[in-house]
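Novice: Dumping the structure here so I can ask a few things about it.
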């Protein structure tokens, strides 16, 4: 007969539960959840606000996306260098305050614009309203840059320190962080969307501003608690604060202490004229420092042992096979309704979470590098379905249709549409090639006769497409976590910020290229070609990773016998916490 747990056992269980909820790991999860929830709400809402303000046009949204991507691309290395050269607590608190304060200020400006848009439009021939748009996009871009700094310092540095030398704990924390991202990516837009639907855009602005203001205070407190509970966070490599970026990846031939001593002697013997020269050189160096940081950051990234793995991850961003506005718009042209798409997005979130679970299991069984190989093969195998869908019944692929053909005819058609549209139709985006009104969900081609019922589009092609996209999320997120942990484990502490900043820049660069690819071939008839190009880039990314794994493991690529001490990630059991 089983004994009942006594008071001492209950106290131990209660103490363990309390210890978990007050641990640095849980507090880090909670702070990340609050931060991500605010980010997802803002990223969803700002695009809707810009469309609403500019008369249902995508112009401001496109400008905002271009500014954000270009800023991270150019400033990613500089942001990472700033993260490296300052204390962890200062970086985390500064980026947190700048990010949330920018969102609050942006929300207030948007509320003013919504309230007084008519008056602003009449002042100075509308230039004041244009300046408000520019101000909103600029501040929103600052918020995104601060968010990038927060992601680098928390997800690439703090997590490594909190997990200590335990690689299994690091993998579990990475997987949990990614699960939080997946959940908030679905739930946060739904929450703010309900507020905006049953309220108004102005109420949505006020809600987001209030949320970020309160969240900033809570996150600040959580960061301070995590910092107090993890004393090692206070210790950072001296190179971060004392050396220049030009010393990255350069082997020191002499001891640092004599070098510092020589520097002190030189400073004592400097004359007034030499001080003036040093002052002039110092001014020139400060002006050139951002450019030197940008150059040396990319050089340091190229010289990393995990360079090919990082490039492989970046190449996965050059794809239309995701649940973004491009794939969603294509799905509308194939007759899928908004409710069906929401269900598909939910399914993609579930498979993404399955990918995080698969990552932790595979890493324990096969090792980190092999997990990336298996995940890559799984993702590519699923995306083969997307390539097959291009040639199945229902696919609109027709390469004989020029992407720039009949532009004037489409413009002329769009000018005539208001005269023939019914009064019940809501304003939306209408394409003469048959793309539906995205706001009212109509699937009737714009240039068809209303009395003629259109032939239903076979769903075989689009079904295979989304089956491949959803199934590939398992391999995608497992691969993403693999490369993330490889960067965490194999980049030295003093370079974590700048290397991850350059990695973000690479990701944004390939993301920009994929939008340019869509701009060059925007019609649904060319979407099949975009799918094939996307699958090709994914294949190239995994080939790069295969080459990295081949260099790392050599002959032990598929069979682990004796760990290679020179390998990036060894084949040792999970209990081995040795680092490279």
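Quick reminder: no glycine exception, Cβ is built from N, Cα and C everywhere.
Given the structure is predicted, the values throughout are model-derived calculations rather than measurements.
Quick paste from TrEMBL:
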TRANSMEM  57-83  transmembrane segment
TRANSMEM  95-116  transmembrane segment
TRANSMEM  122-146  transmembrane segment
TRANSMEM  306-332  transmembrane segment
TRANSMEM  338-361  transmembrane segment
TRANSMEM  373-392  transmembrane segment
TRANSMEM  457-476  transmembrane segment
TRANSMEM  526-546  transmembrane segment
Novice: Do any residues, 6 or more residues outside the transmembrane segment (57-83), come within under 8 Å Cβ-to-Cβ of it, and if so which ones?
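Specialist: That would be 46-47, 50-51, 91, 133, 137-138, 140-141, 144-145, 148-149, 152-153, 157, 245, 290, 293-294, 297-298, 301, 429, 496-505, 508-509, 511-512, 515.
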Novice: Determine whether the transmembrane segment (338-361) and the transmembrane segment (457-476) share at least three Cβ pairs under 8 Å, counting only pairs 6 or more apart in sequence.
Specialist: yes
Novice: For the transmembrane segment (373-392), which recorded stretch in the set 95-116, 306-332, 457-476, 526-546 gives the largest number of Cβ pairs separated by under 8 Å?
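Specialist: Checked against 95-116, 306-332, 457-476, 526-546; highest Cβ contact count belongs to 457-476.
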Novice: So if I exclude everything within five residues of the ends of the transmembrane segment (306-332), which remaining residues of that chain have a CB under 8 angstroms from its CBs? That is, six or more out.
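Specialist: Contacts with the transmembrane segment (306-332): 341, 344-345, 348, 372, 376, 383, 386, 435-436, 438, 441, 443, 462, 466, 468-469, 472, 476, 479-480, 482-483, 486-487, 490-491, 503, 506-511, 513-514, 517-518, 524, 527, 530-531, 533-535, 537-538, 540-545, 547-548, 551, 568.
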